[in-house]
Amino acid sequence: MKCAHFILAFCLLALASPLAYASDPSPLQDFCVAINDPKDGVFVNGKFCKDPKLAKAKDFYYSGLNIPRNTSNPVGSTVTPVNVAQIPGLNTLGISLVRIDYAPNGGLNPPHTHPRATEILVLVEGTLYVGFVTSNTDNRLIAKVLYPGDVFVFPIGLIHFQFNVGKTKAVAFAGLSSQNPGVITIANAVFGPNPSINPDILVKALQLDKNVVKKLQSKFWWANN
């Protein structure tokens with residue numbers, strides 16, 4: 001009987017272990033520079049790997065994160081990612097970076113979520129109102145106004161936002177616990193997917209008039225990254 005209990009517990013742990021990762025799996029090699037051509041590579045963690053002997057400094061390098069981005073768009077913000085798409089050497093390393101520029105007087109990084117990463121943000125210029133919402137059924141808003149030098153953490157998978165409440169531009173940098181954290185902007189995902197979600201579903205889910213839903217679905221939903 002004890003043996004049977006041990007086997008059952010072992011099986012449950014084995015099944016649960018893949019779900020326990022809070023970020024990308026730990027690499028089992030020094031690095032795995034991503035390449036698009038699999039001819040001379042090995043597939044690891046979403047990308048093919050270059051032969052380590054062929055790795056160069058450029059595989060681990062990105063330039064230009066000091067350059068302000070244009071925020072003249074409907075949401076008044078622009079996200080500049082530095083992930084495995086920009087630095088192939090980040091493949092399997094479980095980390096990435098973004099710069100976020102916000103327009104004065106209401107520049108917004110709209111409510112969104114990163115399905116594969118926790119985010120830690122530092123504000124270097126301006127004033128931001130930031131926050132995240134906890135999961136069901138609590139759905140509690142945890143928010144704070146940030147000033148230059150302040151740091152705030154957005155837990156993995158939770159909906160969060162940043163809003164410029166100052167009269168001048170704002171700039172923040174954020175680290176994310178994935179080489180490819182992904183982003184789901186809530187409004188874009190609900191009202192702007194292709195093909196569209198059946199309006200009847202949104203009418204019932206959001207308790208909105210059908211004409212309002214159709215109007216929202218007809219809008220162009222801006223992606224700021």
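Just so it is clear, glycine is given a Cβ too, placed from its N, Cα and C backbone atoms.
Feature annotations, courtesy of TrEMBL:
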type	residues	note
SIGNAL	1-22	signal peptide
DISULFID	CYS32-CYS49	disulfide bond
DOMAIN	63-214	domain 'Cupin type-1'
BINDING	ASN109, HIS114, GLU119	oxalate binding site
BINDING	HIS112, HIS114, GLU119, HIS160	Mn(2+) binding site
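Closest to HIS114 (oxalate binding site) in space, going by CA atoms and restricting to the recorded positions CYS32, CYS49, HIS160, is HIS160. If you compare Cα positions, HIS112 (Mn(2+) binding site) sits closest to GLU119 out of the recorded positions CYS32, CYS49, GLU119. For the recorded positions CYS32, CYS49, ASN109, a Cα to Cα distance of within 10 angstroms from HIS160 (Mn(2+) binding site) holds for ASN109.
Note: the oxalate site is recorded as ASN109, HIS114, GLU119; in the same chain, VAL98, HIS112, THR113, ALA117, LEU121, PHE154, HIS160, ALA174, LEU176, PRO181, VAL183 also have Cβ atoms within 8 Å of that site's Cβ centroid.
With respect to their backbone Cα atoms, CYS32 (disulfide bond) and ASN109 (oxalate binding site) stand 32 Å from each other.
Taking the centroid of the Cβ atoms of HIS112, HIS114, GLU119, HIS160 as the Mn(2+) site, the other same-chain residues with Cβ within 8 Å of it are THR113, ALA117, PHE132, PHE154, LEU158, ILE159, PRO181, VAL183. Residues near ASN109 (oxalate binding site) in space but far in sequence (CB under 8 A, at least 6 apart, same chain), listed by position: VAL75, SER77, VAL79, ILE100, TYR102, PHE161, GLN162, PHE163, ASN224.
When the alpha carbons of CYS49 (disulfide bond) and GLU119 (oxalate binding site) are compared, the span between them is 26 angstrom.
Shown are the disulfide-bonded residues CYS32, CYS49; of these, the residue with the fewest other Cβ atoms within 10 Å is CYS49.
Taking the Cβ of GLU119 (oxalate binding site) as reference, residues of its chain lying under 8 Å away and at least six apart in sequence are, in sequence order, VAL153, PHE154, HIS160, ALA174, GLY175, LEU176, SER177, PRO181.
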